[in-house]
Amino acid sequence: MKVPLPRPNELWRSPLRGPWLTSVLGAVLLVGIPVLFVTGLLSYAAYNPNLSHVNDKTPGKGLLGFYLFSWPTHPYWLYRLNQGVHVTLGIVLVPVLLAKLWSVVPKLFALPPVRSVGHALERLSLLLLVGGGFFEFVTGILNVQLDYVFPGSFYPLHFYGAWVFVGAVLAHVALRLPTAVRALRSRDFRAELRTPTSRTRPEPPDSGGLVAARPADPTISRRGLLGMVGLGSLALAVVTAGQSIGGPLRGTALLAPHGRSPGTGPGGFPVNKTAAGAHIRPQDVGADWQLTVSGAGGSVRLGLAELQRMAQARAALPIACVEGWSTGDQHWEGVRLRDLAALVGHPDDPPGVFVESIQLTGSFRAVALSAGQVRDGRTLLALRVNGADLTPDHGYPARVIIPGAPGVMNTKWVGRLTFGATDFPERT
Amino acid sequence: MTSPDRKPVVRRLFHLLYGEPWWHLATLLASFALCGYAMAQLLAGDWRGVLEWAVGAAVVHDLVAVPLYGSADWLLHRAVRGSRPRSPRRIAVVNHIRVPAFVSLMLLLVYWPLISQDSGAQLRYATLLDAGVFRTRWMAVTGVLFGLSGLHLAFRLWRERRKAPV
C-alpha cells in the first residue's frame, strides 16, 4: 500500500504566512537595514582611516572607502548618537529579522529546488543575503559583548561583511519591491490591526508559495504575531538602550554590558581598557613620567607639574564606544593640544598629531588625529576629570579627549605627541 | 498594440534559456559584482572560518533552529489543547505562554555571551564589571514576563466568566 507523503508545501501550515505579512516585516527591515548600514559607514569614517595606517583596520578597502571624509568635531555628541543608534537598532531588529525568515521558510524547501538558470542565480543571491545578514548580526552582537570567538579581527569582518550583505540586499529589494508593494496594498494595515484571531483568514493563494496549501486553524491573529515581534523588540530596546542614553536610564539596561558603572566618585564612569589590562605599571606613570612633544620647531619634554602650570582648559565631553555604550558628558580639565603644538613650532594653524601611549602592545595604543581635531579648543590632553586627578584606569597621568571621536581614539597614558606626523617617528 | 508574442525573438529566446527577464540577470550580476569585490577582502584572512560562520549560521537557523522552535510550539499546543483543541480558552492559555517565552528567548539569544558567561572573564578584565549578574537578571526578567502574562490571562478569564450568560 502506498502512503502519500505530505508534499513539502503542505508541511507549513500556519494560516498567517503570506505575501502581506512578509512584506510588513520586510518594510520594517527596509527602513532599519539602511540605517544600520549608513551608521556603520559613518562609524568607519569617524576613525579618519585615510589619515594613517594605525587608524585603519581595513586598509584593503579600495573602492569601498569612496565616501570617506574628515570626521568633524561638531556636534561633539555625533559619534555617541551614531553608535548608540547603530548598536541598539541592530539588537532591536533581531526579532523582526527572525520573524521575516520564519515567514518565508517554506520557500527554502520548495520543489523543484531549481526551476531555471535565473532561479538558481537568485537562490545563490539569497544565500549571500541570509548568510551575510546572519554574519553581520552575529559578529556585531558578539563584539558588543566582548566575545571574540569569530574568525578574525572584528573590524574587517564586520566592514567587508556589511558590503556583501548590502550587495545582496540591493538585489533582493530590486527584485522583490514591486511584489512587496502590491502585497502591502492588498490588505488595509489598520483593519488588520483590528482583526482578532476568530476572524483571521489565510491570505489568498499566491504564486510565490508563501500561503499554506492546507492552512491550519489560526491560534493567533496577524495583529497578535506582529505584536509579539514588536514586544520582543521593545524588550530588547529596554534592556539595551540605557547603556547608550545614560543618566538614570543606565540602570534599565539590565542585560547590556555597560548598564552599570564600575565605581563611584569622579572616575566612576565606565571603562573598556584598564591600566592592568594595558600592562601599565605604577613606575611607568610615577614621578619620572614625562611627555615628549615634538613638532617642526623641535622637541620638549614635560613632567606632570609643568603641564599643570600651563593654561588649563575645560571641556564637557562623553566617551562613546564603537560597541554602542557611552558615558554622559564628563568634565575634563587639561592642556589644549593646540597650546602644546605652539610650544614646538606651530603657533597658528597647527597640523594633525600622532599620539602614542606608553602602552607597549595592543590595538589603538597610537592614533593619528586630524588638524581639525587638534585645532578644536575642546581637544585636550586631560589631566583631571570631574574635579579630581585621572584614575589609573582612565589614563593617569594624561589622556587625550576629542569631541565627537570614537572612544578608543582618546588615547590613555599618553607618552608622546608628534605634531605633523601620521606614523611612529621611528618608522618615518 | 504589442502582444507578448510580438516580443523580439532574442528576448523570447533569452527567457526560454534563462527563465526570467533580462533585467533579472542584470540586477543579479551587478549585485554579485559588489558582493564579490567585498568578499575578496572578507575572505583574505581565515576564509574557511568566515565561510563556516556565514553558511553555518544560515544552515543552523534553517535546519536546526526553525524545526526546533516549530516542534516546541507544536508540543505546547498538544500539551495545552490536547483534549479540546478548539477551545478558545485553551488557545488563550497557549498564547499567554507563547508570548513571554518568545520574548524571554529573544533576550537569551541576543545576550547569550553575557548570560552564559562565555565572555565573563574578558568583561571583568576590560570593564571591571562583574559578569555574574546577567543570568540572574535574565531569569528575573523571564519570571516577570510570565507573571504579567499570567495575571493578564487570569484577568481575561475572570472578565469572560462575568460576561458569560448564567
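The backbone N, Cα and C atoms fix where each Cβ goes, and this holds for glycine too.
According to TrEMBL, the protein carries these features:
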- A:286-425: domain 'Oxidoreductase molybdopterin-binding' (DOMAIN)
- A:193-214: region 'Disordered' (REGION)
- A:20-42: transmembrane segment (TRANSMEM)
- A:62-79: transmembrane segment (TRANSMEM)
- A:85-105: transmembrane segment (TRANSMEM)
- A:126-146: transmembrane segment (TRANSMEM)
- A:158-177: transmembrane segment (TRANSMEM)
- A:224-242: transmembrane segment (TRANSMEM)
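The residues of the domain 'Oxidoreductase molybdopterin-binding' (A:286-425), classed with DSSP into helix (H, G, I), strand (E, B) and coil, number 25 helix, 52 strand, 63 coil.
Taking every listed stretch (A:62-79, A:158-177, A:224-242) in turn, the largest tally of C-beta pairs under 8 A with the transmembrane segment (A:20-42) is reached by A:158-177.
Only residues 6 or more beyond the boundaries of the transmembrane segment (A:126-146), in the same chain, are considered here, and those with a CB under 8 A from a CB of the stretch are 87, 90-91, 93-94, 97, 101, 154, 157-158, 161-162, 164-165, 167-169, 171-172, 257, 323-325. For the region 'Disordered' (A:193-214), the DSSP counts in helix, strand and coil order read 3 helix, 0 strand, 19 coil. Computed over the domain 'Oxidoreductase molybdopterin-binding' (A:286-425), the whole-number mean pLDDT of the model equals 97.
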